[in-house]
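Chemist: Below are the features I grabbed from Swiss-Prot:
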type: REGION; residues: 24-50; note: region 'Disordered'
type: MOD_RES; residues: S46; note: phosphoserine
type: MOD_RES; residues: S79; note: phosphoserine
type: MOD_RES; residues: S88; note: phosphoserine
type: REGION; residues: 132-160; note: region 'Disordered'
type: REGION; residues: 173-316; note: region 'Disordered'
type: MOD_RES; residues: S185; note: phosphoserine
type: COMPBIAS; residues: 191-206; note: compositional bias 'Basic and acidic residues'
type: MOD_RES; residues: S220; note: phosphoserine
type: COMPBIAS; residues: 243-255; note: compositional bias 'Polar residues'
type: COMPBIAS; residues: 264-279; note: compositional bias 'Polar residues'
type: COMPBIAS; residues: 304-313; note: compositional bias 'Pro residues'
type: MOD_RES; residues: S309; note: phosphoserine
type: MOD_RES; residues: S320; note: phosphoserine
type: REGION; residues: 408-470; note: region 'Interaction with F-actin'
type: REGION; residues: 541-576; note: region 'Disordered'
type: COMPBIAS; residues: 544-556; note: compositional bias 'Basic and acidic residues'
type: REGION; residues: 547-576; note: region 'Interaction with the F-actin capping complex'
type: COMPBIAS; residues: 561-576; note: compositional bias 'Basic residues'
Amino acid sequence: MTKYERDPELVNFLSKVEDLNSKRYSNIPSSKPAGEALSPVRSHNSGEYRRADMMTGKNVEGCDNLAYRSAYNYEMTFSPKKTHYSLSELNLERITPRPDLEGSASQKEKKFLISEEDYLLLQKLKASQTYNDSNADKNLPSFEKGPRMPSRGRPRPREKEIITIQYDFELPGRADIPSSSSSSSPPPLPTRRDHIKITDGNEEKPLLPTRPNKAEVTESPSSRSIKPDAVVPERVKPAPPVSRSTKPASFLSSLEDNKLTKAKSYNSEMETPKTTVKSSHIDYLDSIQLKPTTLSPTMKNKPKPTPPSPPAKRIPRSESFIKSMLNSNLTTTSKPSLPEKPQKLRNANLAAHKTKPSIPPKKVELNIVLPELRPVETSPTKQNFENSIDLPKLRSSNRNIKKEEEDSIPEAIKGIQNLKKTKQQKPAIPQKKSFLTNNSKNTTLKNGDDINKLNDEIEALSLRNNLKKRPPTAPQRKISLPEALRKVELMKKSKTEPVLESSNELSINAKLDAIIASRNLRASNTLPELSGVNTNIATSDKYTTSRDETVKETKPLVHPNKNRTRGPRRKLPTRV
């Protein structure tokens with residue numbers, strides 16, 4: 001525990017407070033003076049009146065009370081908390097016994113009118129009881145009788161009831177104690193010693209046996225059996241078993257008595273009332289007699305362990321029941337005859353009615369000649385599914401034969417056979433060769449070489465096919481006015497320039513290329529001057545360079561995916 005060091009001034013102040021407190025408690029009168037009854041308003045709001053008196057200068061409480069109050073508040077705020085309190089603080093010493101409890105205890109006492117013999121017997125019992133209680137109290141710790149304290153695990157003392165006990169000397173000394181073996185009677189008990197002897201000259205009355213102080217040594221069963229006083233009753237032999245053959249019983253009655261055939265229901269077991277054994281009060285000596293006499297085992301008296309018997313083989317219930325039924329000599333009795341009905345219950349109409357004798361049926365001989373019938377062809381029960389359906393006759397198809405023929409032909413030849421025959425037309429290009437040049441004529445055609453003709457036609461066809469495969473030309477952009485004027489000037493210059501080479505010097509291939517290019521230009525609606533590079537393949541170097549420069553200058557800025565000029569679209573002014 002930590003010690004709290006206090007200021008010496010505080011200790012001095014608290015000592016003064018304690019002195020004032022002791023004076024105050026010493027001067028308390030035994031009966032408090034009846035003070036003025038406060039009004040309900042004053043009792044509830046006493047703090048407000050006290051503040052008002054303090055403001056006016058009137059001090060209601062004395063200096064001692066104020067000092068005590070301030071010291072108490074200081075102690076509660078700064079001092080360590082107490083873990084326990086004294087009995088005086090809890091007001092446990094001031095509790096007085098209640099008068100109603102005494103009245104209830106007095107009411108519990110019962111009064112009886114008894115004879116003189118019963119009274120003397122009661123006094124003897126009380127004397128023996130007080131002696132036993134005094135011996136028991138010596139061992140127990142002594143408790144000082146003082147003011148009532150809260151019980152700490154000890155039960156409260158019970159209020160004792162005074163009840164007279166009637167004793168009959170003619171009855172046996174001990175009450176029969178219920179035991180497992182009803183036939184065996186317990187041995188006689190020893191007599192008790194008398195603690196208090198009451199002698200009367202007139203008559204001698206028997207005294208009850210007292211409880212011995214020392215525990216008696218239990219005797220061995222062999223020595224006890226030798227005594228002539230203790231008579232051991234002979235064991236009753238069980239009745240001899242009766243043979244089953246002597247008892248005439250039917251098969252049904254044997255089944256009813258059998259344990260296997262008896263139906264055990266849950267309700268029947270629950271409804272059987274259980275016999276409750278009333279436990280009577282057993283005395284100390286009786287409990288000693290009931291205990292088994294166990295002596296410390298010695299080497300001589302120690303019994304030899306018996307060898308365990310082999311477990312009996314369990315026979316199933318069904319087999320044992322069947323064997324017992326086969327071994328039993330049961331005679332089946334005939335069905336008992338029904339008793340006759342009494343005359344009062346008989347019906348007069350039924351008795352008068354006579355039963356008619358049964359007439360045997362007549363045997364009639366029928367001489368009927370049956371005609372001969374044709375043998376019937378029995379159809380099989382299981383009909384075939386194919387015969388039951390009537391399928392129409394169809395024409396035989398040559399599909400399989402054609403398939404076999406097609407499989408023999410190779411795949412390449414199949415494709416050629418499936419192609420449609422086209423009419424061979426002469427190409428239009430050699431027919432228009434005469435229109436290529438106005439002044440000059442081709443020398444190769446005059447000679448009439450057929451081989452050169454065929455070669456030229458094949459080349460022209462290949463050129464035409466290549467042109468078809470080319471991607472479509474992008475649309476031209478819209479040309480502005482200054483560009484258009486510039487193009488017109490260039491076109492005029494190109495027309496005025498003289499042709500350097502004659503058309504005679506051009507080859508047939510160049511002429512064919514020129515014709516195909518002119519057709520493409522007409523189809524696309526383009527200017528003829530733009531494709532001047534293709535037409536003049538065999539021209540001089542000066543002419544080709546001049547044409548390239550003109551094409552580069554006149555080439556418009558065309559985007560392949562757009563049809564308008566570059567830049568955003570111009571919007572008309574909305575606010576004019």
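The backbone N, Cα and C atoms fix where each Cβ goes, glycine too.
Are these features on the surface or tucked inside, and what touches them?
Modeler: In this view, S185 (phosphoserine) is surrounded by 13 other Cβ atoms within 10 Å of its Cβ, with every protein chain counted.
There are 6 other Cβ atoms within 10 Å of the Cβ belonging to S309 (phosphoserine).
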Chemist: Give the distance between the Cα atoms of S309 (phosphoserine) and S185 (phosphoserine), rounded to the nearest whole Å.
Modeler: 33
